[in-house]
Amino acid sequence: MTTSDVRVDRATDDERYLATDEVVWFDEPGSLPAADELAGVPADQRFAAEVPDADPATYAGIYGVRPLQLAVPGGEGARLVPCAGLTWVGVHPDQRRRGVLTAMLRHHVEQTHREGVAISALHASEAAIYGRHGWGVASLTFAVSLGRGTELKAPGLDEEAAALRTRMAGLADPGIAERLRECELRVAVGEPGMVVGELGFFEAIVIHQREPRATRDKEPMRFLFAQRDGVDVGHAAFRREHKWEQGRPGGKLEVFAVVGAPATRLALLRRLVDFDLMASVKVPEVGVDDPLWQWIGPRSASDVETTDNLWLRIVDLPAALPLRSYVGDCDVVVEVDDPAAPWQAGRWRIVTRGGEGSATRTDADADASLPVAALGSAYLGGTNLVAMLRAGVLSEHRPGAIGELWRAFRTDLAPTPASGF
């Protein structure tokens with residue numbers, strides 16, 4: 001079977017969509033109505049693949065798209081731009097190695113282009129897959145384990161952090177989804193790399209975290225909000241787990257997100273490392289240049305895990321480049337390899353000047369050749385194009401061209417890791 005035998009269209013059967021999801025991800029079946037299980041992914045953004053002679057109770061493959069706002073470099077802070085958040089990607093085990101995934105990803109790229117969205121983003125369940133289809137790793141993340149009472153030293157932020165009021169909230173609190181979203185929108189304008197979903201995405205978090213399989217033998221997810229003058233300026237999401245070792249408390253506090261500017265993060269983290277009955281705290285989504293590294297010193301973390309975070313794909317190059325700002329000037333002709341998006345494959349003149357960028361078609365000789373995934377990797381300033389050249393991933397035809405391009409794309413700080421979607 002080839003990709004031409006795979007038909008991808010909007011999924012019209014919610015039960016069939018969920019049945020496919022359960023086969024692909026082999027998780028405990030949900031107890032919620034189908035509409036609640038699928039909350040956060042708009043009905044017109046759920047897609048499915050059909051193949052001849054497949055099981056009529058399931059699809060050959062499924063995927064969904066969450067409409068997101070992506071924080072991209074924007075001068076002193078960030079600009080929020082539309083982004084297609086690719087999620088729920090899965091192929092039925094009986095249909096693997098038959099072109100289903102390739103057909104779905106190409107459909108997504110074409111659909112995103114038709115809808116006028118220039119960038120697609122995802123979190124990869126299997127890292128080996130998406131680079132082949134044009135996505136590049138745009139940010140890295142660390143999960144850092146700390147002991148209870150870890151001292152966070154930040155003398156320059158102590159006064160500002162102490163002025164913030166922090167209070168807990170729960171899933172049942174009125175307007176919790178609205179508070180989370182408004183808070184993240186407020187923070188994202190200073191944190192390139194963040195993504196913020198629509199209100200339905202945050203409502204889905206609340207719905208899914210309240211169902212039995214999310215809370216069985218566990219504390220329900222809780223939130224810690226930081227306020228300045230009565231306005232939410234940051235939040236943390238977390239859950240505690242009881243544990244006793246030789247009569248002493250050895251509980252674990254699992255953090256799901258810490259959102260805020262540096263002083264706000266400091267205030268929230270100081271609360272999180274000081275809960276009673278806890279022995280350890282695991283903090284996810286710590287970026288390469290996160291201030292936490294400076295606050296704890298080089299050896300205060302008991303464990304550090306590293307993983308890829310946000311993967312980006314440029315879907316419309318001439319539309320994507322003007323969306324962000326640039327710190328340097330460049331004038332480079334690049335040959336872009338993109339078999340899945342022929343409308344942007346070929347030769348482009350990339351010019352950045354005065355902080356603004358553009359890409360225009362050209363017949364001039366190429367200064368460099370690169371896969372479209374490399375542009376996605378560099379788009380937030382998180383992946384060094386010169387390092388990719390040294391690794392043999394890119395080709396340079398004019399000496400210094402890649403360095404010139406990278407000096408335009410780079411940013412002062414590595415991108416902030418994006419929350420999962």
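Note: Cβ is positioned from N, Cα and C throughout, glycine not excepted.
Just so you know, TrEMBL annotations are computer predictions that nobody has curated.
Features of the protein shown, as given by TrEMBL:
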type     : residues                                                                         : note
ACT_SITE : Tyr130                                                                           : active site, proton donor
ACT_SITE : Phe421                                                                           : active site, proton acceptor
BINDING  : Val89, Gly90, Val91, Arg97, Arg98, Gly99, Val100, Leu101, Thr102, Ser125, Glu126 : acetyl-CoA binding site
DOMAIN   : 317-415                                                                          : domain 'Enhanced intracellular survival protein'
Same chain, 6+ residues apart, C-beta under 8 Å of the C-beta of Phe421 (active site, proton acceptor), given in sequence order: Arg66, Leu68, Gly85, Thr87, His123, Val195, Gly197, Phe201
Spatial neighbours, same chain, of Val89 (acetyl-CoA binding site) - Cβ under 8 Å, 6+ residues apart: Gly61, Ile62, Tyr63, Leu101, Met104, Leu105, Leu122, Ser125
Between Tyr130 (active site, proton donor) and Arg98 (acetyl-CoA binding site): CA-CA distance (Å): 17
Among Val91, Val100 [binding-site residues], residue with fewest other Cβ within 10 Å: Val91
Around the Cβ of Thr102 (acetyl-CoA binding site), the count of other Cβ atoms that are within 10 Å: 16
PLDDT averaged over the residues of the domain 'Enhanced intracellular survival protein' (317-415): 98
For Tyr130 (active site, proton donor), the one of Val91, Val100, Thr102 that lies nearest, given that the binding-site residues are compared by Cα: Thr102
Candidate with sparsest Cβ neighbourhood (10 Å radius) among Arg98, Glu126, Tyr130, the listed recorded positions: Glu126
